[in-house]
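Worksheet: the structure to be examined is printed underneath.
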Amino acid sequence: MTIMRKKHPLLKMINHSFIDLPTPSNISSWWNFGSLLGMCLMIQILTGLFLAMHYTSDTTTAFSSVAHICRDVNYGWLIRYLHANGASMFFICLFIHVGRGIYYGSYMLLETWNIGIVLLLTTMATAFVGYVLPWGQMSFWGATVITNLLSAIPYXGNTLVEWIWGGFSVDKATLTRFFAFHFILPFIITALVLVHLLFLHETGSNNPSGLDSNSDKIPFHPYYTIKDLLGALILLMVLMILVLFFPDVLGDPDNYTPANPLNTPAHIKPEWYFLFAYAILRSIPNKLGGVLALILSILILATLPLLNSSKQHGLIYRPITQALYWIFVANLLTXTWIGGQPVEXPFTLIGXIASXLXFXIIIIFMPIASTIXNNIPXLH
């Protein structure tokens, strides 16, 4: 008699995805972040659900409802800070996951990579609308500034902005619809994750060597379930240290002041995980140009498979491209720092250099390095 998990239609799908899945035997800890992202998503949906039970999406009561959650709801403070810091952990895992994809050439699995880019954009949209909900100063002004960017679109821009606002400024209608978006988007993300996994399991995972691993596969369970469990425990430990000891370290103090349309904060800035994109946006003096650069800073990931001319898969045996990769990472960290600084010299100059370098490394330098690497054997 065959085992139930191999026969039952539903269990069979789970079995092929998480139990008997043939997995390369040499994938390193950098491959843990996919499962960690799944865990982050579950934490965010669960904590978000409980927050939504007590939150009111009305301009007059939104701020006080968040205060009420923290003060009066049983473990409300824990749920709220798990949700806020869970988002930060989500983005840390996302950036590492994408970085690993670039380093090891996983972008050559085209469908998986493109769905991944859509997932990244959807998660960023979810985080943005979620940041508006507590209705603090930075929520309000962040929403005003970022939605206002759409007015840079020629001809239809201003109409589009007023349509999204539901009026002539960020107000009650905006908050209500942002809450609706913030509620529905994580479920859309979950559906996209399933498609992401579907495409991944069509081809099988990439591995650190960049070679075909069909000759050396092991079952996912118990080897990688145990390995993922260790990653999950480390992530939970870091998250709980953040939540219990430093809950506000990644937040903005301005968000403890209720939203006031008549008083602009000294420095309007988004959450830390958007600062690199914000720096790119600010580094271009033209409004439309800035918006395009902001969008392209994420969409540039889609050009990686097109620009790849290397004969090798991944950067593991390509020292020149490796050096460029780490310069690119350092450059993004620099831009993250610049995005949080005021708009004055020398920060504006550093921001502009970092922005230009980020695009140049991917579009110009990496393809050149690949060509050099391809021709090195010919030089001997």
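Each residue's number is its place along the chain shown, starting with 1.
Every residue, even glycine, has its Cβ placed from backbone N, Cα and C.
What Swiss-Prot lists as transmembrane segment is 33-53 (among others), and the listing cites similarity to another entry.
Feature annotation from Swiss-Prot assigns transmembrane segment to 77-98 (among others); the stated evidence is similarity to another entry.
The Cβ of His83 (heme b b562 binding site) has 21 other Cβ atoms within 10 Å, all protein chains considered. DSSP assigns His83 (heme b b562 binding site) to a helix. The annotation heme b b562 binding site is assigned in Swiss-Prot to His83, His182.
Annotation source Swiss-Prot lists heme b b566 binding site at His97, His196. Sequence-distant neighbours of His97 (heme b b566 binding site) (same chain, six or more apart, CB under 8 Å from its CB) are Phe33, Gly34, Leu37, listed in sequence order. In the three-state DSSP scheme, His97 (heme b b566 binding site) is classed as helix.
Residues 55, 57, 62, 66, 87, 90-91, 94, 98, 101, 106-107, 139-140, 142-143, 146, 170, 174-175, 178-179, 181-182, 185-186, 188-189, 192-193, 195-196, 199, 270-271, 273-274, 298-299, 301-302, 304-305 of the same chain lie 6 or more positions beyond the ends of the transmembrane segment (113-133) yet place their CB under 8 Å from a CB of it. Residues or ranges marked as transmembrane segment by Swiss-Prot on the basis of similarity to another entry: 113-133 (among others).
Sequence annotations record features per position, and here Swiss-Prot assigns transmembrane segment to 178-198 (among others). Non-local neighbours of the transmembrane segment (178-198) in the same chain are 17, 38, 41, 44-45, 48, 52, 55, 57, 112, 115-116, 118-119, 122-123, 125-126, 129-130, 132-133, 143; each lies 6+ residues outside the stretch with a CB under 8 Å from one of its CB atoms.
Within the same chain, the residues at least 6 positions away from His201 (ubiquinone binding site) whose Cβ sits under 8 Å from its Cβ are His16, Ser17, Leu21, listed in sequence order. Look at Swiss-Prot and you will find His201 tagged as ubiquinone binding site.
Per Swiss-Prot, transmembrane segment is recorded for 226-246 (among others), and the stated evidence type is similarity to another entry. Listed as Cβ neighbours of the transmembrane segment (226-246) (distance under 8 Å, sequence separation of 6 or more from its ends, same chain) are residues 29, 32-33, 35-36, 39-40, 43, 78, 81-82, 85-86, 88-89, 93.
Panel annotation: around the transmembrane segment (288-308), residues 98, 102, 105, 107-108, 110, 113-114, 117, 120-121, 124, 149-150, 152-154, 276-278, 280-282, 355, 358-359, 362-363, 366-367, 370 of the same chain, lying at least six beyond its termini, place a Cβ under 8 Å from a Cβ of the stretch. What Swiss-Prot records for 288-308 (among others) is transmembrane segment.
The annotation transmembrane segment is assigned in Swiss-Prot to 320-340 (among others). Non-local neighbours of the transmembrane segment (320-340) in the same chain are 99, 102-103, 269-270, 272, 274-280, 282, 310, 347, 350-351, 354-355, 357-358, 361-362, 365-366, 369-370, 372-373; each lies 6+ residues outside the stretch with a CB under 8 Å from one of its CB atoms.
Away from its own ends, the transmembrane segment (347-367) comes close to residues 279-280, 282-284, 293, 296-297, 300, 303-304, 307-309, 321, 324-325, 327-328, 331-332, 334-335, 338-339, 341 of its chain (Cβ-Cβ under 8 Å, at least six residues beyond either end). The transmembrane segment annotation in Swiss-Prot covers 347-367 (among others) and is backed by similarity to another entry.
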Discussion item. Can you work out which residues elsewhere in the same chain, 6+ from the ends of the transmembrane segment (33-53), have a Cβ less than 8 Å from its Cβ atoms?
Written reply: 69, 79-80, 82-83, 86-87, 89-90, 93-94, 96-97, 100, 182-183, 186-187, 189-190, 193, 228, 231-232, 235, 239
Discussion item. Distance check, please: Cα of His196 (heme b b566 binding site) against Cα of His182 (heme b b562 binding site), rounded to an integer number of angstrom.
Written reply: 21
Practice prompt. Count the Cβ atoms, other than its own, that fall within 10 Å of the Cβ of His182 (heme b b562 binding site), considering every protein chain shown.
Written response: 22
